[in-house]
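A.B. asks: Shown below is the structure under consideration.
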Amino acid sequence: MWTLTGRSCWHRRVLLSCATGPARPQLPRFRPAASHGDAAGSWASDRLCSSAGHKEKPDTSRFAVEDIRNFSIIAHVDHGKSTLADRLLELTGTIDKTKNNKQVLDKLQVERERGITVKAQTASLFYNFEGKEYLLNLIDTPGHVDFSYEVSRSLSACQGVLLVVDANEGIQAQTVANFFLAFEAQLSVIPVINKIDLKNADPERVEKQIEKVFDIPSNDCIKISAKLGTNVEHVLQAVIERIPPPKVHRKNPLRALVFDSTFDQYRGVIANVALFDGVVSKGDKIVSAHTQKTYEVNEVGVLNPNEQPTLKLYAGQVGYLIAGMKDVTEAQIGDTLYLHNHPVEPLPGFKSAKPMVFAGMYPIDQSEYNNLKSAIEKLTLNDSSVTVHRDSSLALGAGWRLGFLGLLHMEVFNQRLEQEYNTSVVLTTPTVPYKAVLSSAKLIKEYREKEITIINPAQFPDKSKVAEYLEPLVLGTIITPDEYTGKIMVLCQARRAVQKHLIFIDQNRVMLKYLFPLNEIVVDFYDSLKSLSSGYASFDYEDAGYQTAELVKMDILLNGNIVEELVTIVHKDKAYSVGKTICERLKDSLPRQLFEIAIQAAIGNKIIARETVKAYRKNVLAKCYGGDITRKMKLLKRQTEGKKKLRKIGNIEVPKDAFIKVLKTQSNK
């Protein structure tokens, strides 16, 4: 038995083990502490090392441009994208065939816990077809509407997509949204009908839906079972035959698009790049078009699916590049990289994501501020759709106002901060970006514009200074079995929605299009829709501008003190019901004290709802049996005075979980 008590002891162990010959004990493998770049997929890396870790450096020069195919897998949530990606990796020999291959490309802990993809992942596959070797660059994308920015970014590095549709559920809302993203990018679309092994699968019905909605001939569809591996080889053949090679020029100077990036504390920024022109190799001096800074390339390679260093990357290929960028602000997603002495026209890049939900984020303890700042910077490098603004609160101190694409996006970001960076935060009530048209000349001069955007409810201007308030709208698409149509219409009307279209996709399924105020759907509309339709309805939305609305600022008071984190902006017609719900939920969430807590919802000076948390109280009459009533009254009066005094000096802390419980409004109130 060996015990390691210090460095000298470790050296002694090495010397002894060398002297004893073949029977030497196994030395421990010392690894540096896992950073964000490899912590995210530490266990996945261990699983893949047997198949990917011992390969020699791939020779990327042997692939001509016409032998390269770049494609993404797009689909609705839970239609089998990641399972299909696993089978493609096995079929091309990229990973060994084992029963443990489930969601191999989903490397984040949050993805494994929730069973969803939240981050697009890249893998390069080598595949022999009709005696010729092809390089297939696959990007597995998320399916939830909150991560649609990941999908649109991934498509910029592709020439085609596999559109996966569940043979049981058929076309869903996100299937439609993702198809139109690919269609607008002018990519080749290969429809794949998955899960044909299910008992209730009806691939013929789904073929007709695809033909009617997307105008793709039904004989172009490939019917597969990704779980069992049925017909998956036909998918690879279709990728080679139907998706065109990239249109690039290797003789031109280097032009590379950064479409994703991660941060490694030892190696700096690892940029995922798609090469549109030229060649890049280790030792090249490259320039960032965004910052104009020059870097020396330390390493280039392909993801197979782990990092595999190569000698060079050529135009048309997708890989990674490490160039000693040590500051997270230096690697902008959408940036163009080019050779030092050969400036080029920058690539168009990406349209910045438009946040749909804003929330305040504060450290639990202000001493953790710098650690949290560093964690947020590194995580926003990996998730560029999050917007960050400095903010401060009287109750919670210095923090940030973060913009997210939806509530699930916010929850996943918070979970990743806790899991990958070990930081705990307080999140405030999410709000949507309202606008106010100012009427006061003084305010117009102060803000330097007539129309201002309000992302923090505490900064909501008073009605006397505003000509009109504007609220954001979204165009929502709901696809549902027709028996639930009536219930869903009632739900939409309750959320102030206006119907635009109603189309029958086939005999049983309906596509509804509604114009919704964003604040009506952002918190719990999706949950209500799923419960009404027994889980069969699907929902997707896109931005649709602003409309005039009667908005009011509602304060929540605890014993007369405003809780700044719970200030909300609501529509005038819904103020009472929202205020009542928040008060009731706070009543259930706040721990009882030795004094009474009055929870009130107020608009200006008017109290519109109230709940009371009763005080803990000792039975002071327990020792009184019989006797005069005045004796009892005296004891009760003394107790009341004590409670009154306590109420003046007592502080009420709102627990972290109380904020989360208040977010979810009750659907059927």
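Cβ coordinates come from backbone N, Cα and C, glycine included.
The domain 'Tr-type G' annotation in TrEMBL covers 66-247. The annotation GTP binding site is assigned in TrEMBL to 75-82, 140-144, 194-197.
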A.B. asks: Quick one: give me the count of other CB atoms within 10 A of the CB of Thr141 (GTP binding site).
C.D. replies: 27
A.B. asks: Starting from each candidate's C-beta and looking 10 angstroms out, tell me which of the binding-site residues Lys81, His144 has the most other C-beta atoms.
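C.D. replies: The residue with the densest Cβ neighbourhood is Lys81.
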A.B. asks: The domain 'Tr-type G' (66-247): mean pLDDT?
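C.D. replies: Looking only at the domain 'Tr-type G' (66-247), pLDDT averages out to 85.
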A.B. asks: Fewest other Cβ atoms within 10 Å: which of the binding-site residues Ala75, Ile196 wins that one? Let me know.
C.D. replies: Ile196
A.B. asks: Excluding near sequence neighbours, so keeping only residues 6 or more apart in the same chain, what lies with its CB under 8 A of Asp78 (GTP binding site)?
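C.D. replies: Asp78 (GTP binding site) has long-range Cβ partners Gly115, Ile116, Gly143, Asp166.
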